[in-house]
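J.: As annotated in TrEMBL:
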type	residues	note
BINDING	G96, G97, L98, L99, R118	substrate binding site
BINDING	D119	Mg(2+) binding site
Amino acid sequence: MSIRNLFPMLSKYTACDISDALLKLSHPHGGFLPDLTMFSPSSHTSSRILGPAYTVKLVPSSDVSPKLGEHFTDTIPEGSVVFVSAPAGGINAVWGGLLNTRAKLRGAKGVVVDGRVRDLDELRSEDVMVNHFRLPLTVLRFVNIYKKVFARGSSTLSAKPFARPSEINVPVTLNGNYDPPIVIKPGDVIVGDVNGVVCVPAELVDQVVELCEKLAPVDEKVKAALLEGMSITEAFKKFRG
């Protein structure tokens with residue numbers, strides 16, 4: 001079964017459920033990507049993202065690394081989650097309203113920025129006016145963007161002249177001192193909700209789904225027992241073993 005065929009089953013579970021499964025599989029850090037929180041929408045606890053990672057590596061503007069031939073938002077695959085890796089410690093944003101609009105219209109499921117974002121009012125707005133076919137203004141159509149963006153922080157500064165995109169669809173390492181380092185590879189499955197963001201290696205998705213199907217009902221049984229007055233010690237012993 002292809003990974004995408006597993007997405008409907010994986011989507012039933014929270015980022016916490018998925019991390020629990022990855023820990024059972026001894027995957028480092030349970031797949032958790034620390035310090036990335038939901039910036040948009042601002043108050044929708046049911047909002048979530050799920051899709052294969054389309055990675056974008058940014059470097060300092062002075063870096064001599066290769067430059068992209070076209071803007072990375074113009075090649076975003078439909079159904080993907082854009083993962084933007086910014087240089088560590090930057091005070092500037094690397095994602096904003098215009099990039100977000102383009103990403104959504106390319107069919108991105110969401111965006112995760114290992115860095116800062118700006119234009120929060122635009123990121124959190126419900127609608128944008130889009131001219132799909134370069135038609136007269138009178139036939140412009142309103143498209144619901146309903147953007148989902150996770151990031152490390154915000155800024156008033158644009159990326160230029162601080163950073164620039166250098167590579168796409170390459171493994172990127174999460175900023176921070178983690179042992180072992182946290183690497184996001186193209187095609188890994190990114191899941192994000194109000195709890196945080198998790199990266200599931202593509203080769204583990206089927207095992208994660210299988211474990212979630214076993215583990216999630218156990219917690220429901222524990223909760224039901226607690227509501228009936230059972231102590232948490234007893235409930236854990238009875239249902240978790």
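Using N, Cα and C of the backbone, Cβ positions are placed for all residues, glycine too.
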J.: Taking just the CA atoms, what is the gap between D119 (Mg(2+) binding site) and L98 (substrate binding site) in Å?
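T.: So the Cα of L98 (substrate binding site) lies 9 Å away from that of D119 (Mg(2+) binding site).
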J.: Using the centroid of the Cβ atoms of G96, G97, L98, L99, R118 as reference, list every other same-chain residue with Cβ within 8 Å of it (recorded substrate site), in sequence order.
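T.: Going along the sequence, the neighbours appear as A93, W95, N100, T101, V117, D119, E122, L123.
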J.: Taking the Cβ of L98 (substrate binding site) as reference, which residues of that chain separated by at least 6 in sequence fall under 8 Å from it?
T.: D119
J.: Tell me which residues of the chain lie with their Cβ under 8 angstroms from that of R118 (substrate binding site), as long as they are six or more apart in sequence?
T.: A93, W95, G96, G97, S154, S155, T156, L157, S158
J.: Starting from the Cβ of G97 (substrate binding site), draw a 10 Å sphere and report how many other Cβ atoms land inside it.
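T.: Taking every protein chain into account, the count is 19.
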J.: How many other Cβ atoms are found within 10 Å of the Cβ atom of D119 (Mg(2+) binding site), counting all protein chains shown?
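T.: There are 20 of them.
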J.: With every protein chain in view, what's the tally of Cβ atoms within 10 Å of the Cβ of G96 (substrate binding site), excluding that atom itself?
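T.: Result for G96 (substrate binding site): 19 neighbouring Cβ atoms inside 10 Å.
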